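Swiss-Prot annotations:
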- 41-300: domain 'PPM-type phosphatase' (DOMAIN)
- D77, G78: Mn(2+) 1 binding site (BINDING)
- D77, D222: Mn(2+) 2 binding site (BINDING)
Amino acid sequence: MFFKVCQLGKGRCCQVLLNYASCQRCQLSSYKGTPRLIKAVQGSSKDQQLAGQVQRFGEDSWFVHSAPKSETMGVADGVGGWRQMGIDSGVFAKQLMTNCSKLSEQADYDGRNPRQLLIDGYHRLKEHATNVWGSSTACLVSLHRSDCTLHSANLGDSGFLVLRHGKVLHRSDEQLHVFNTPYQLSVPPTSQMHKVLSDQPEEAICTQLGLQQGDLVLVATDGLFDNVVESELVQQLQQLHGETRVEKVQLAANRLVDLAKRLSLRTDYQSPFALRAKANNMNYGAGGKPDDITVILASVEVSQRSN
């Protein structure tokens with residue numbers, strides 16, 4: 001699973017994509033409030049031996065953090081091919097997310113540069129973690145409270161959706177070298193240094209998007225997106241617009257994970273992964289893709305300020 005690839009066009013993956021909804025950044029002129037995210041996390045481990053670990057679902061890892069200036073959510077999907085070498089890539093993914101979480105807690109972080117979190121978190125891992133090897137994708141999104149703008153940095157095939165009034169406002173782009181080989185951050189053992197695919201955090205695609213009261217933000221690893229089509233995700237979440245009760249958001253996250261897990265085990269289902277495999281002339285046939293699944297679901301609430 002590990003190989004070197006000529007990384008053509010690396011620079012184009014670093015472009016900043018702007019997507020403002022008619023400059024309605026939470027309509028702060030009328031709300032005059034402070035935005036926050038009502039968040040819920042759920043997931044499922046493909047390998048039950050890896051279940052039950054803190055901030056991990058199998059080889060996936062995640063974090064959420066709230067600060068006065070920002071709220072940040074992140075997921076990382078450890079690359080499973082390392083198991084062939086006796087390495088648990090979930091440890092790498094968890095350390096990467098732990099580093100990013102700690103950096104998001106710093107007083108000067110205001111949510112406007114999650115890619116810098118990823119850069120610094122990755123370099124901390126390389127420089128300070130002992131015998132933490134492996135690789136993972138990563139997706140970070142941060143809410144900049146002062147103007148209710150969502151900033152993102154996505155590397156690989158994890159990703160996020162923003163929904164408004166039951167429609168997809170934005171979906172992140174995935175980065176692949178070839179089919180089923182996503183961009184990934186790596187720290188290999190010395191013996192594998194020149195045999196392992198490794199991209200740079202600076203290559204993460206960055207976007208910024210103005211949010212409004214009631215918008216939904218869905219951050220997930222490919223265990224969700226490879227098994228559930230976008231239209232079904234929209235269907236599952238369309239009644240959640242404007243929901244501010246955390247228990248309702250949690251139930252919706254639970255349903256998404258349950259759905260993805262059921263579909264991943266079906267052999268008669270044309271999953272998004274199966275369709276992409278066919279489009280790439282791969283002999284995958286039909287069926288879902290058993291995988292670790294991590295979902296972070298958030299609803300945007302803007303509290304009213306008293307005059």
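The backbone N, Cα and C atoms fix where each Cβ goes, and this holds for glycine too.
Across the structure, D77 (Mn(2+) 1 binding site) and D222 (Mn(2+) 2 binding site) are spaced 8 Å apart at their Cα atoms. Within 10 Å of the C-beta atom of D222 (Mn(2+) 2 binding site) sit 25 other C-beta atoms, taking all shown protein chains into account. Confidence across the domain 'PPM-type phosphatase' (41-300), taken as the mean pLDDT and rounded to a whole number, stands at 96. On a Cα basis, G78 (Mn(2+) 1 binding site) lies 11 Å away from D222 (Mn(2+) 2 binding site). Look at the binding-site residues D77, G78 and count other Cβ atoms within 10 Å of each Cβ; G78 has the fewest. D77 (Mn(2+) 1 binding site) carries a strand DSSP state (E or B).
Secondary structure at D222 (Mn(2+) 2 binding site), as computed by DSSP, is helix.
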